[in-house]
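Notes to accompany the following structure.
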Amino acid sequence: MSYRPSVIVYTIVLRAYGQVGKIKLTEQTFLEMLEAGCEPDEVACGTMLCTYARWGRHKAMQSFYSAVQERGITLSTAVYNFMLSSLQKKSLHEKVIDLWRQMVDKGVAPDRFTYTVVIHSLVKGGLCEEAFKAFDEMKKLEFVPEEATYSLLISSHTKDGKWQDALNLYEDMRSRGIVPSNYTCASLLTLYYKNEDYSQALSLFTEMERNKIAVDEVIYGLLIRIYGKLGLYEDAQRTFEEIDQLGLLSDEKTYLAMAQVHLNSGNAKRALDIIEMMKSRDIWFSRFAYIVSLQCYVMSENLDAAEVTFQALAKTGLPDSGSCNDMLRLYIKLNLTGRAKKFIVQLREDQIAFDEELYRTVVRIYCKEGMLEDIGQLTKEMVTNDSYKDNKFIQTFFKAICGEPLRHQKVKGNVASNQLDSTALGYLLRLYLECKDFNNLEEILKLLLETAGSMSVLTQLISNFLKEGDLSNVKALNDQVVRLGCSVDDATIASIIGIYGKEQKLKQAQDIFTAVADSPTCGKLIYNSMIDAYIKCGKPEAAYSLYKEAFKKGHDLGAIAISKVVYSLTTSGKHQEAKEMIHLSFQDNLELDTVAYNTFIKAMLEAGKLNFATSIYEHMLSKGVSPSIQTYNTLISVYGRGRKLDKAVEMFNLAHSSGMTLDEKAYMNLICYYGKA
């Protein structure tokens, strides 16, 4: 036959074998073509490369590609696309990028598909800047990027915190009439959530509904978080229930998002309900699920469940500092200091990495327990971390405990008051109080008084001592403050006096009051508290005397103070003094309430000064103060005892006609006086 072998015919056969995956026959045919003296051209070589690419024979493909390069054959864009796509399907992004660079070096013009594949691999390979450069080239060549390409780049910008760049890309995409996918919308919602731009997030969600973009579980989860941030807790719960009804609820992250929303609203019970739902549906618990569960049990103060959950968390690896802090805070809240200290020892043995919050909590416990050496050791370890070199709280402890005395450092100019943390100084005050180290206590107190916010720190510390009933430390600290010529705020001093009064420690209360009595800042709160202390300690005359002293100084102590003093004088049989005080309040037109008038009337009833009691009632009416049922009950007794039965009946009827609910006492009073009459 006159047939002569032809590259074209062999290429057709190569393509046929390649399409059905006959790799071995393809290779044999190619060798036969060479033996027949046919020089393979770019089409034949491209066909072989496409066959290898189609069937994922990447090693053979790359070897053949190297041989083609040596022969100086230039391949078409379509062949490169075939190879690039095949490598990318196997996530061989580095090889995609290498091949792309060779393609560019050879001068082969990329098309829209080439850019789409390459941009994807550049992003996945962490070469985002190069990806955006390729994206710009693509647009300059007037290739319209696919939605998936925009989506990938928007996601990349979002992860890198380049929010404005991500939004610019989105606007560019919308200007080309490209409808975003739910994946793109998820990236944008994440961006809006992190940027706290919740109105834009809800607007995007509305746009999705308008464009009938499918809403998946990821987007619903983001919407739940956004509702939570806006305080729309019920909307978040309804969205969660809607996901469940649609059969989309499967991801642990969605359950945990709902649980966290409940936690943020302070509703530990509903958060725990979500955790129990996860368990009942056999949802796999990740490390994060244990962390959220622990937060739920800590908030609900369920110690046993919290400890079991913490142990489960520990089995997944070393617990995070936040979870350790949660456990410590629970021990503190339940006043389990011993267990807290054992827990800290375990953390130290496990070499848990402390963050600032965990350090603060541990130091707070150490200071309360006077554990000076432990604080020093932990602080030395913390300052070895460069990230804490500018942390004022940690550095204050380091300078105070691990160096020479702070006062000496200040004299030398090594430390200034504005370099110290006032909260840390407050903790140090507690430490030195517990250690009975009054020299260091005074030194720290002087430094604290030079810092901003010193009074709030002192107030908080004294308040803590008062809650714990630790009056010895209250006195020691307050004495030091007074010695330095300062004073804590009125409310704190009043609280100290109040505690001493409650415990019948009148002398200590008087000492505190005397130390501030001449101060121009000594006001209503302190006087009222001291009056209260006198009354509780059975000294009504002293209370009356102090009331008059305060009145002379221009202090209006209010109706409650007057009522208390009058009542205490009356119950002690000091009726004349009670009458004087009532006259005094009338003369000076003090603003009295119903309770005060009731106290006055009852006091004069018990004193037998019935006419004065009725005049008090008339004064009450003239001042426009409304009587109560207690007022009428007392007046029935006043008129009844004065044998003015008609006036007693008048008071009874007046109470009834004014719409008040008459109690048993009103009926019994009137029955009693009818009987006596």
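Glycine is no exception: its Cβ is also placed from the backbone N, Cα and C atoms.
Annotated features, as they stand in TrEMBL:
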REPEAT    6-40  repeat 'PPR'
REPEAT    76-110  repeat 'PPR'
REPEAT    111-145  repeat 'PPR'
REPEAT    146-180  repeat 'PPR'
REPEAT    181-215  repeat 'PPR'
DOMAIN    194-309  domain 'PROP1-like PPR'
REPEAT    216-250  repeat 'PPR'
REPEAT    523-557  repeat 'PPR'
REPEAT    593-627  repeat 'PPR'
REPEAT    628-662  repeat 'PPR'
Residues of the repeat 'PPR' (181-215) by DSSP state, where helix covers H, G and I: 26 helix, 0 strand, 9 coil
Residues in the repeat 'PPR' (216-250) grouped by DSSP into helix, strand and remaining coil: 26 helix, 0 strand, 9 coil
Sequence-remote partners of the repeat 'PPR' (146-180) [C-beta within less than 8 Å, at least six residues beyond its ends]: 112, 115-116, 119-120, 123, 128, 131-132, 135, 187-188, 190-191, 194-195, 211, 213
Same-chain residue ranges lying at least 6 outside the repeat 'PPR' (111-145) that approach it to Cβ under 8 Å: 77, 80-81, 84-85, 88, 91, 93-94, 96-97, 100, 103, 152-153, 156, 160, 173, 176
Contact set, same chain, for the repeat 'PPR' (216-250): CB under 8 Å, 6 or more residues outside the stretch: 182, 185-186, 189-190, 192-193, 196, 198, 201-202, 205, 208, 257-258, 260-262, 264-265, 267, 270, 283
Local confidence of the repeat 'PPR' (628-662) - pLDDT mean: 85
